[in-house]
Amino acid sequence: MSDRLAELERAIGITFRDRTLLQTAFMHRSLFNEQPHLLNHLTDNERLEFLGDSVLHFVTTTWLFETFPDQDEATLTNWRAALVSTKGLAECAAQFNLGQYAYLSRGEDNPGGRSRQKLLADLFEALVGAIYLDQGLETARAFIVPFWQARIEQIIHIDLDPTTRLQELMQARFKQLPDYSIEEERGPEHQREYVMAVTVAGRKFTGSGSSKKEAKRAAARKALAAWDKHGFTATAIDAQDERN
C-alpha cells in the first residue's frame, strides 16, 4: 500500500504529511459494504469528496473572477459549471489514472469500472479534499489551477460559439444537424423576447434572448451543457430531464 501511495505522490507532485488522508481519498464506499469489518480502522472517502467539491468550487470561482475581470456573472457561471462538471473532473482524474488507485469492492471492480466518469470525478474531489486538509488552500489551488488553465480556451470556444459547436458534434456523432424552431415570441415590440428550441437526439432544449440569434445560442448552450455533463451519449441525453 505504501508503494502505491508513494507512486501517486510522485504522479501528482505532492508529498503528504499524513498519508492516511491520501489513502482515505481512494477508499470507495462499496469496499465497506462488502467488508464491513474494515470500518473498525478505515473510513470511506465520501466526506473528503464533500470537502473537495467545496474547495474546487471556491478555487474555481476565485480563479475565474481574478482571471476574467471583464466577464459577467452568467458567463463565469457557465464556465465554472463546465470546469467542475463530472465529465471535466473525470478528465482531470484520468490524467493521473486515479482509477487504478481506488480501493473497490469486487462488484465495482469490473471491466471498465475503474474508468467510469462518476468514479473518477469523485476520486478527484476526494483527492482535492485530502490535499486541502494536509497542505492547505494554497497547495490545493496550485494543484487545481493548471487543469483550468489547460482547459479554459476550449470552454470559451464552446461558450462563445455554441451553435457551431453543437452542429459539429451532432454531425460527428449522429450524422445529422440540430433542429431549431421558434417556440414563442413575447413582450412589447420594443422589448421583444424570443424562445427558441433545439432538438438533440430526440430531446428538446429551450433558450431565450432578446433576438432569435441570442435565443438560438442559449438553446444550443443548454444542449451542450447537458451533452457534456453526460459524456455526449444519446442514452444520457434521452435520460436528461427536459427542464435542464
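Cβ coordinates come from backbone N, Cα and C, glycine included.
Of the listed candidates (Glu46, Glu49, Glu189, Glu193), Swiss-Prot assigns Glu49 to the same Mg(2+) site as Asp122, Glu125.
With the fewest other C-beta atoms within 10 Å around its C-beta, Glu49 stands out among the recorded positions Glu49, Asp122, Glu125.
When pLDDT values are averaged over the domain 'RNase III' (5-136), the model yields 87. Within 8 A of the CB centroid of the Mg(2+) site residues Glu49, Asp122, Glu125, the other residues of that chain are Asn45, Glu46, Leu48, Phe50, Gly52, Asp53, Ala121, Leu123, Phe124, Ala126, Gly129.
With helix defined as DSSP H, G or I and strand as E or B, the domain 'RNase III' (5-136) counts 94 helix, 2 strand, 36 coil.
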